[in-house]
Amino acid sequence: MGNERLKAPEGPPSDVERIKEESNYLRGTLKESMLEPISAGISDDDNRLMKHHGSYLQDDRDLRNERQKQKLEPAYQFMLRVRMPGGVATPEQWLVMDELAQKYGNGTMKLTTRETFQLHGILKWNMKKTIQAIHSALLDTIAACGDVNRNVMCTSNPYQSEIHQEVYEWSKKLSDDLLPRTRAYHEIWLDEEKVAGTPEAEEVEPMYGPLYLPRKFKIGIAVPPSNDIDVFSQDLGFIAIVEDDKLVGFNVAIGGGMGMTHGDKATYPQLAKVIGFCKPEQIYDVAEKIITIQRDYGNRSVRKNARFKYTVDRLGLETVKNELENRLGWSLDEAKPYHFDHNGDRYGWVKGVKGRWHFTLFVEGGRVTDYADYKLMTGLREIAKIHTGDIRLTSNQNLIIANVTSQKKKKINELIEQYGLTDGKHYTALRRSSIACVALPTCGLAMAEAERYLPKLIDKIDEIIEENGLKNEEITIRMTGCPNGCARHALGEIGFIGKAPGKYNMYLGAAFDGSRLSKMYRENIGEEEILKELREILPRYAKERKEGEHFGDFVIRAGIIKETTDGTNFHD
């Protein structure tokens, strides 16, 4: 019975499928486009392919109208995203990214919600030099975007360094194992000579095939009790199971994803469901087989319904699990107990194993730059020059100066104090629990501000927070400029999605540990209405909450918002 349901949706393939099919394994005419001297942009077809190489063509939307008036083409520039599984960089790699941001980018770095770097403002003529410099630092941008498996995340956990290190190694191997096999990236950016002859498709891309996946695919590994990576937001999530201080394996969760489309109830955020347990060395097999199920049965006709979450919901969880076990040739074990208690970061100095220290730094909005009164970028540059451990980027857009020896701790602490780098302790816990996507001016999808606006909105919300004695109460707040959900808005206890300039849909009721989605509370409201609503709700929370009750749980218990029990009733 189950296998009768195993088929892809009917319908003509989307235009992106045509582009991939004609691209000769992601080559297209990218090489020629990048050499074309007249325009700073590239063709639409090549831009679709460019994602698989880790980049998006963008333009400065702040300048768009003025340039149109002057009959100039948009101020085209590229965003470049690094593939860095687990978010771990060496100090030397940090310094290379810093230098490239200054030399070819807009002078800043964005720390992303998938634990990696983004550089913005790179001109077409500088792209190849930038990618080659990244390659020289033993990093790359392969498959950082596009219809493939993206950057593999793992918990940035300074408390259990040995377990973290082991999980990081698995995430790194998994990322490497799931890379596209085409040599297009190496030929276009690294001047690798093309091998003569046309090999068969299964030789070029044995797992992905010539069309790759119907849509992007995201994997993350969480180490309880921290759900900092929001494991249930992933297409494929692994939950580390630790027994007697040893990693015994992973619970497997499938079918999560945050993106949706305004006004289309057939699109919705969804949480991954746990379907079983596997041993550590089995995660490659599980991941590969899940990806091939999505390759074979995902929606290639309608891209907004093409994510794996819709494949799982359409076919049914049991059907997908049965097909997975059929392809594996073995069955998953029963899922093991686990417990998450938060999805935020833990700030400040922490002592880990082997006498090593870790300092988690608060980076508002993940933007590393020098402000007039806060030399964040310079301070981190000076630390990287003397640091002998590593630097871990977190999925909440912060960073950890990790594996600091006791001898180095004093000097690094002096630099932290000299440059005023902060663990955020003088901010409200709400601000420390905030994340925002880039949005305007560079993201072409943004309908409203996010990163540039959320800190200003929090300034005003903080007044309500302080008045009600909630300064130290962690409440997750997230803002995205569009419904694609890069800042995982649907897992924020307070969430905002941009609807139009200055207007947002407001969401409430997600779980503090990332195990429940929010629900829309108010539609298309501006700052005045946002603050009015919070002036009513936050004082009630301060007065009426039970001991230890989180804000997302309170608004449901108090009847302020209806509970979302599954993504399929997100819009109800």
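For all residues, glycine too, the Cβ spot is worked out from N, Cα and C.
Counting every protein chain shown, the number of other Cβ atoms lying within 10 Å of the Cβ of Cys443 ([4Fe-4S] cluster binding site) is 22. As annotated by Swiss-Prot, [4Fe-4S] cluster binding site applies to Cys437, Cys443, Cys482, Cys486, with the evidence given as sequence analysis.
The siroheme binding site annotation in Swiss-Prot covers Cys486. Sequence-distant neighbours of Cys486 ([4Fe-4S] cluster binding site) (same chain, six or more apart, CB under 8 Å from its CB) are Thr112, Thr113, Met258, Cys437, Val438, Thr480, listed in sequence order. Secondary structure at Cys486 ([4Fe-4S] cluster binding site), taken from DSSP and collapsed to helix, strand or coil, is coil.
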Ranking the binding-site residues Cys437, Cys482 by other Cβ atoms within 10 Å, which is at the bottom?
Cys482
What other residues of the same chain, not counting Cys437, Cys443, Cys482, Cys486, have a CB atom within 8 A of the CB centroid of the [4Fe-4S] cluster site?
Val438, Ala439, Leu445, Ala446, Ala450, Thr480, Gly481, Asn484, Gly485, Ala487
